[in-house]
């Protein structure tokens with residue numbers, strides 16, 4: 001039997017000695033599409049960041065593809081999509097250049113980009129519908145298009161697991177649909193997905209399992225819960241921009 | 001120019017051209033990281049090395065390379081691990097570096113002119129040995145920055161993503177830090193510690209007025225650095241001005257010309273309506289501005 005793609009066991013995670021998550025366990029097996037849901041500040045992003053080693057894990061263990069995280073080196077098997085494009089860039093970069101970074105995990109630091117790399121980048125741009133913007137600076141793209149750029153970057157490496165941190169927060173409806181389509185074809189190709197979301201929107205039919213993080217622990221692990229409150233209103237548009245201060249309404253009833 | 005018949009002017013020109021080409025190749029990563037002034041800080045630390053070198057009767061440039069490298073590594077460690085105190089730690093390092101340099105140079109037998117030479121550059125006194133040092137270090141720097149461009153770009157663009165890609169992030173950051181130290185010390189001969197950052201940063205700032213991508217920005221910045229170095233030394237030779245400051249003024253003059261030209265072209269395009277339909281910028285924009 002193949003080992004789980006992600007296995008977090010009794011992990012305690014925190015910043016500066018202040019625990020955000022206490023004794024949480026999560027197992028993701030190949031082919032699953034798992035959504036981590038929760039209010040803002042509940043620790044849902046911290047959970048996936050801990051799985052990737054971006055946040056130190058105090059107690060407990062994390063394993064990726066059956067290897068303890070500290071000894072894990074096959075990073076090309078993972079495609080990571082952060083919440084937004086880092087604001088750190090003071091120099092222009094084209095969409096193609098950003099997406100090409102996604103090939104580094106596969107090709108290493110010293111080998112120059114070859115034909116396979118260029119083809120993978122072009123294919124990833126096609127998948128997210130940005131092939132016509134490849135030569136444009138990313139700073140001229142809309143928020144949704146920038147998010148699609150980051151997904152293309154993750155897909156370009158040909159990963160087996162996609163980890164996405166709030167991929168649809170503040171993203172326009174067209175980009176959300178393009179994104180759902182890209183995720184569907186990734187899943188149909190045998191990929192595994194772990195994504196953090198505040199609300200699911202058009203992604204809902206894709207999700208095979210939902211994990212709800214609440215007050216530093218896992219409050220629910222199973223079927224996707226039905227939305228409550230005004231989010232359940234069929235007229236409610238799930239496209240409001242991301243805002244950290246927004247009080248959580250969706251999952252607090254669980 | 002007749003002046004270039006003299007060996008010292010020729011050496012000045014060659015040294016300036018190498019530095020003009022290499023400094024922006026490193027500087028682009030600093031600009032991308034919004035650390036444009038870090039070179040200035042490392043220059044201050046290098047000055048302590050110069051002072052120590054003069055005091056110990058060792059090659060000031062060599063001791064400065066060592067001091068600047070140590071300083072750059074300390075700064076990088078503070079950046080990587082430090083939190084709120086990082087800003088203050090950097091300030092201590094910078095001012096400690098320049099004060100230490102001034103005191104040490106004063107204690108040595110060197111004249112006050114020696115200090116000036118390192119503060120503001122002394123291109124025309126570049127010796128054959130200096131030129132070899134500049135050439136070897138400059139070439140090593142250029143090759144490193146060009147070969148590692150995709151990886152360095154990834155680290156400077158999105159450090160967390162680079163970590164999840166399995167890149168040796170700490171080693172790449174140290175390469176940038178040590179590269180900065182080396183650039184500072186070889187550029188010290190040309191433009192002096194007080195003007196070093198200009199050669200690393202201004203050509204990049206000029207290039208990105210008109211470029212769309214990282215690679216084109218890098219190429220254009222290197223070309224501009226080369227031009228500023230050549231034109232600056234030519235101006236210095238014909239008008240008998242300080243070479244280092246002339247190089248920097250040419251670089252800043254190019255920036256102003258290109259910035260004005262680019263603004264003019266944009267305004268013309270807008271008026272004629274032939275501008276590429278720029279997509280309406282969504283809420284993401286304020287995040288970029290805040291960053």
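Every residue, even glycine, has its Cβ placed from backbone N, Cα and C.
Residues annotated as transmembrane segment in TrEMBL: B:12-30 (among others). Same-chain residues lying 6+ beyond the ends of the transmembrane segment (B:12-30) with a Cβ under 8 Å from its Cβ atoms: 4, 36, 38-39, 123-124, 126, 130-131, 134-135, 138-139, 141-142, 145-146, 152-153, 156, 176, 179-180, 183, 186-187, 189-191, 196-197, 199-201, 203-204, 207, 214, 217-218, 221-222, 224-230, 232-233, 243, 247.
Within its own chain, the transmembrane segment (B:62-81) is flanked in space by residues 38, 41-43, 45-50, 52-53, 56, 89-90, 93, 97, 118, 137, 170, 173-174, 176-178, 180-182, 184-185, 188, which lie at least six positions past its ends and keep a Cβ under 8 Å from the stretch. Among the features that TrEMBL reports, transmembrane segment is placed at B:62-81 (among others).
Annotation comment: TrEMBL describes B:88-111 (among others) as transmembrane segment. Tertiary neighbourhood of the transmembrane segment (B:88-111): same-chain residues 40-41, 44-52, 54-55, 67, 71, 74-75, 78, 82, 118, 193, selected by CB-CB distance under 8 Å and a gap of 6+ residues from either end.
Residues or ranges marked as transmembrane segment in TrEMBL: B:131-155 (among others).
Residues annotated as transmembrane segment in TrEMBL: B:167-184 (among others).
Per TrEMBL, the feature transmembrane segment maps to B:190-207 (among others).
Sequence annotations record features per position, and here TrEMBL assigns transmembrane segment to B:219-239 (among others).
As annotated by TrEMBL, transmembrane segment applies to B:245-268 (among others).
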Go through the chain and flag residues at least 6 beyond the ends of the transmembrane segment (B:219-239) whose CB is under 8 A from any CB in it; none is fine as an answer.
1, 3-4, 9, 12-13, 16-17, 19-25, 27-28, 123, 190, 199, 202-204, 206-208, 210-211, 246-251, 254
